[in-house]
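Below: the structure, in structure tokens.
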Amino acid sequence: MILKKVWGSVWNRSNSGKDLVNHQRAIDVPPLLLSSSSSLGAFDQLPMDILVQILMMMEPKDAVKLGLTCKAWKCVASGNRLWIFYLQCSQEPWDSIFFAETSLRSGYPLRMISSQSGELSFMHIYSQRAQVPGSIIIDGGSGYCKFGWSKYASPSGRSATFLEFGNIESPIYARLQQFFATIFTRMQVKPSMQPIVVSLPLCHFDDTESAKASRRQLKTAIFNVLFDMNVPAVCAVNQAVLALYAARRTSGIVVNIGFQVITILPILHGKVMRQVGVEVIGFGALKLTGFLKEKMQENNISFQSLYTVRTLKEKLCYVALDYKAELSKDTQASVEVSGEGWFTLSKERFQTGEILFQPRLAGMRAMSLHQAVSLCMDHCDAAGLTGDDSWFKTVVLTGGSACLPGLSERLERELQDHLPSSISNGIRVIPPPYGVDTSWHGAKLISNLSIFPGPWCITRKQFRRKSRLMW
């Protein structure tokens, strides 16, 4: 009866047109071995690869049922190769699932788990991921906030934090309470029904005792507000670290072009290395928008609001690989803005992003982006934290203005020219993997882990106990 159902499932799945070969990624999976006492009956004559291919055409629940019939089928049905295939067929990208389950599974401090070590059963991982409760992810910064369910492909809501709530990086209880209550209302959820994953804003950057106390105060205020709202468990992770996870890395340098400032953070094994040095540039996305506004006014281009200018920045602006050469080109382009009509920009398109590399164009005395990243890399190299210097040679960009086309290529070229070859060799600059939602997607990786909430979350009881011990 089971085999009849198996072949019915095989027939239905084979007619769906799925290309099984395309799902077999370059991953080493130990071969399945059957003991001499095990038997698959009439299937004993089939090669193991064929048996696995047959099971791949079945639904996961049918594969589990088949594994209950005898030890031999259990050996085939529980193999990692089969369940890796099922995970590859899920909505989440397989590369992200594999990174999360091997690099983030242990919680913090991170411990890499090899797929070859025997510690990982992808059958159990598949089962556990299906049972992970849905979480609410809130990625809030000084400029904008994104929020939504962990099971969704992208955030379901956004808000202008600075306009609606003021400075949420200042740990004022009433302001944070209004911030979280508004999000829960818009999502139409009760705070007590699911865990919350929240990104910690990038602020108080130094390694001083004062900065540490300020960061601790903000984190404590966030926990107090959420637990007073009866949230069962909270996971709070640094915004830059989440962006790094979204790029499937646990070590590297994150460049966050924030609303008001640009921060360059070295991160090793998921920890911000403040003792090495966090670089801060005193302007951010707001300055880029303001610079474009000034250029438009100089050219008598009228607009209704700063939101219009921001829209034009997002849709038309880019970073030139060679600024001087770009000046002699025809770069005119037009775009329609809803409710305002068509706008045409020319040199403003690349002059806006150029102030990242030449702040003096905007009348600012500040470090350029490549100078700040180079300085951070110099500090990482001098610190000698690991025997391998490759950990800081991956640069991940994040933030809305970091999505400007051409920025990653230009920064990579500038770093190659600015740094000695001993450091510049092997440098790679990665654009925001998920655009403006990069940190949100890093949180999504954590919230969909098979062991979540597990080691990543703190419960209300644990927080209260820890607070009593501190005081």
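In case you wondered, yes, glycine gets a Cβ from its N, Cα and C as well.
Sequence annotations record features per position, and here Swiss-Prot assigns ATP binding site to N256, I257, G258, F259. Look at Swiss-Prot and you will find 40-86 tagged as domain 'F-box', backed by sequence analysis.
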Q) Quick one, of the binding-site residues N256, I257, G258, F259, which Cβ has the fewest other Cβ within 10 Å? A) F259
Q: Sort the residues of the domain 'F-box' (40-86) into helix, strand and coil with DSSP and give the three counts.
A: 36 helix, 0 strand, 11 coil
Q | Listed in sequence order, residues not in N256, I257, G258, F259 with Cβ within 8 Å of the centre of the ATP site Cβ atoms | A | G141, G143, L202, Q260, V261, I262, T263, G284, A285, T398, G399, G400, S401, A402
